[in-house]
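Here the structure comes first, spelled out in structure tokens, and everything after it is commentary.
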Amino acid sequence: MHALSPCNVILILGLTNGPSSSPKQAMDPASYNRLSPSAANRFPHSPRMHHSPSRSGISLPSNGITVLGGVRSRSPLATPGDWSRRQEMEELSERTTSACTMQDNDIHTTADPDNIKLRLVRNGDSPQKMAVENSCRNLNIVKRVDVLYQEYRDTSKQQEIEQRRQRDGLPTAGSGVTAAPALQLQLRNSMHSLSLWQNLEAVKDSGLLKTLEPKEIILQEAMFELVTSEASYYKSLELLETHFLRNPLLVNTLSQSDMHFLFSNIEDIMKASERFLMDLEHRIEESILISDVCDIVQTHAVNHFQVFISYVINQAYQEKNYRRILQENALFRENMSMLENQPKVKGLSFTSFLILPFQRITRLKLLVQNILKKVEENSEREKTAISAHQELERIVKECNEGVRKMSRTEELISIEKTLEFKSKSVPVISHSRWLLKKGEVQQMSGPKSTRTMRSRKLYHPIYLFLFNNLLLITKRSSSGEKFQVLDSCSRSMLRTEDLEDQGQMLACAFVLKLLENQEDREVSYMLKTESISDKLRWIYALTPNRRTRFLSTSTSQPDSAQVQCIQSYSSQEPDELSVEMADVLHILECTDDGWMLGERLHDGERGWFPTRVVEKIMSAEVRAQNLKECQRIQQAQEGAQGARAASRGRRPAKSPQYTPTWTDL
């Protein structure tokens, strides 16, 4: 087992009860109502109390200040504003730590003395004194977050899989059957999981667990997970900065431009996370019965999360430059290997830290989505969850579109350089064009009566470039570096016919018909692929409105086949879909040689992926529940969009639904 990271992120949160507090009084849910915004702004901080200095460590380097062995130094990248803000935060942190921390002697940690402690207070608040009643009970809501975000993310996804397996009646990693809603909580209570809301001493002592409905406890856990996972995410960002970004072993081996290529605007990302985490902490300070967190998510998504977009868009260049530096810079390569092998990194790669921001913003959307599934319908919490989800969805969409736009443009430029037109030239580069699929297939030539598999010389290789609005049929040059364009056609003028019912010899063959090619003629090609899955993938890409095997009218049908992903897969070709563990997908097509075409429930993305990375959801009840949750989110969002459109005097736009039909030939 790896040693725990030296970066223990601690949220110091306080809860104050009156001297006459009793369990009976604490059980009254009304007493845990959230403070109003005005009251929240007046929420006082604890007075300074004398206490011994904290252990030697590195504290909050994200704003340019490091504390090494008790000696304060300032990073060259820090700004005067960062220094001033950090001083104020540290002073306020000492007050919060002194007055609001209850030490638990039964809790032990194997973290080394260099642990990072994050004591958060609201940014911009001025120091205030608070009269602490003699019998007040104070508590650390999150005593320690010992789990790096990468560990939390992998564990939480595995827990989702196990939970769905138990509901589906499939064998799981553990034995025994647990009834909902305790099942989800039991699965989360493991070594690499974050702490549970119901395990907090303040929650236990308050009596809330005896008075709250099980569904409310589940909702509290969902909101609390969003908070603790943000702390875990910040912990990993801190490690990225202290162990890599600020490390002289790396800094002294890189030029300033390479430093920028590698780390981009990660410091802006850290500041956004810090602000976000501070507001989440204060919300829990207001009451151990969490009123809401999605309103905070929505505010920060609108005002502070734009930094994610620029970081994610630059991520492709990050990866390219990292590979380049590894190849060109031997000293950097050696030092990086040494840093990656240190215990505090827990066996994680440097690149696993670089991709954290995009992983977090997508995970945050799913966490809000999970809250939205659990809140009361037509409630205020549903409204804030919908707003937060829409803002996060916008950011994720802009991230994806930004990445795609840059990669698509580069790809078009690269392809155009390899094309040679025999007669009429076709402009390839366009802002509205992107590559869908490319590859080699075999074209059958000769009389139709001789089209059998016996004479292999009848087949000649051609290379297809399929774009979203154009097909190029080419022939590879003898050098293999150029492609001579033989024919072209608008994608909307393509038709296909599968020949699988004409014998085993033609199982991998299909007819491609160009209704109007570059010479305004109708042309047909009989093509053969290497496998049945290749054939189906080409047919689906060339004529996407074909009806698929498992889907006749709509993905919303309760009998639609569903699978869950049990192993992450990164797409290798443009028509493939990258899937993450615990993703749930509708199955649109399935081949006998190990490929599936699916649509992911939570975002509607489609593509092919290997059968080996998913398992079928057998229970009709589980499939129906997955659909119900998905439809509720969609309907809630459509309702919110409709209300906004009505207030502006416009009709709401209808969400597109997939309605496949057979293509007439």
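Cβ coordinates are placed from backbone N, Cα and C, and glycine is handled just like the others.
Feature annotation from TrEMBL assigns compositional bias 'Low complexity' to 635-646. If you look up TrEMBL, you'll see 656-665 marked as compositional bias 'Polar residues'. Residues or ranges marked as domain 'DH' in TrEMBL: 218-402. What TrEMBL lists as domain 'PH' is 434-547. The annotation domain 'SH3' is assigned in TrEMBL to 558-619. Per TrEMBL, the feature region 'Disordered' maps to 18-65, 635-665.
For the domain 'PH' (434-547), residue counts in helix, strand and coil come to 26 helix, 52 strand, 36 coil, using DSSP. Mapped onto DSSP classes, the domain 'SH3' (558-619) shows 3 helix, 28 strand, 31 coil. On the 0 to 100 pLDDT scale, the domain 'DH' (218-402) averages 95 in the predicted structure.
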